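Remarks on the structure that follows.
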Amino acid sequence: MTNHLNRTHDGFIQYSNDIHESGVMTPAAVVSTTALSSTHFDVIFIGAGFSGLIAARELSLRHRTVLLIEARDRIGGRTFTTKLGDQQYEMGGGWIHWSQPHVWSEITRYGLSICETNGATADRISLLLENGSRLKVLSMTNLFPEICRAMDDYSNVDGVQGRTVLPIPHNPFAAREVVELYDKLSMQDRLDHISASFNNNQDLYDVMDAYLSMNSQGKLSEGGFLDHLRWWALGDFDTARLFDKTSRYKILEGTSALARAILNDCHDIKLLLSTPVRSIQRTDDNQVTIFTDNGQSFTARSALITVPLNALYKMNFSPPLKLGKQRAINERQCRGGTKFAIKLEKPIGNWCGFAPYPNPITQAFTDDEEGTIIIAFGVDDLLNIRDFNAVQYELRKWLPDIQIKYIIGHDWRKDSFAEGTWGWFRPGQITSNLSILQEYEPPLFFASSDTANGWRSFMDGALESGLSVVQHIERYLKND
């Protein structure tokens, strides 16, 4: 695999003069190989995101014959890195932390390093209040203690900051009866429970609404509270630690550098890019046949499906999956909103902004040291991030004098291979769906960041899920 950048169909760059580029350059657009339909593989992997890549590496190093089929023209799934001029952008997931065990192990393995998102520790914050009609600028030093207090109140459902609910954060059902109790709550339910603690401080309430809406990227009434509590527990039950772990540190070389490193470590695998899978057929003799949209078919002793949960319902299984799993797949989860980057004409320093739902942008912050790049998050599908004027209008609510040079991003909600951003379960879905979605139906196996136990919806969760399934596939192949 070469190290130069190739163009992917994913992503866009939008300028003020409406010059539009379809696709961006990325090291994730690697060279596809060829595979003969007559070859019988040990495992066929559907999806070359981090779950598929890490499992393919481990099984290929065990001398299993592996075919990796990816619908996109690149690897990395819901993460990939692009570069424009001297600036590098993460188009999907990007933030990592040394306390995330699986991703940190891989970073160490491949000699990668980290850099910092400066706006995660901004010195000033803009609050957009009253449906965008009132702007308030505060010192983060003064506001942060209040945010910490509000987060403590919000998360403290049991008097000990949620520790009885998730005593072992990487084991979601260590206290199953308590988990079932709180899984019924939506994020809005919990915010309503503590509304009196804000002491009529509407500004602080709106900050909490904005932050929580950004996490689930939608209406708080549709997002499950237990997924917040999982982030909180993984963040050591502490606001500052949570912020550091979820939005402060990135891979300096880019997420695509890690994806390529894992791929390059695979032993003699076949990789087919731009090859969507149409259906999966199991036969009585424990054989799996994969049918692609372009009319090809491939057979194997087993298959690992790593398709994102919100797009998995499109996959046709014959014979059908178990009723419980198909139900959980059909229910899907929160679709998320938008993430995009904005390049400014002039720097603004170390800044962040919050606005409560339904503002089209709920949170934004500077990413570089000078403050010329802003990473922004929108909820639901309320903002067309390809519309330069619409984005500039929304950002000027916070920063009235800014001029945008360009917008760069990817429409994950409109992406037919993802149908959403990161995973977030609705109320009740963790107890009703998570374990079912994790179950295997040999010779079919499943892995995804959306169904991980720990850092679900992060790269670490994707790696965890992919690594966890390897032993089960290997055991099956040995006993088959």
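Glycine residues also receive a Cβ, built from the backbone N, Cα and C atoms like all the rest.
What TrEMBL records for this protein:
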type	residues	note
BINDING	S51, E70, A71, V277	FAD binding site
DOMAIN	50-473	domain 'Amine oxidase'
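Feature annotations (TrEMBL) mapped to structure.
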residue	record	Cβ neighbours (10 Å)
S51	FAD binding site	33
E70	FAD binding site	27
A71	FAD binding site	20
V277	FAD binding site	24
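Taking the mean position of the Cβ atoms of S51, E70, A71, V277 as the FAD site, the remaining same-chain residues with a Cβ inside 8 Å of that point are F45, I46, G47, A48, G49, G52, L68, I69, R72, G77, P276, T306, V307, F417. Largest CA to CA distance in the FAD binding set (S51, E70, A71, V277): 17 Å, whole number.
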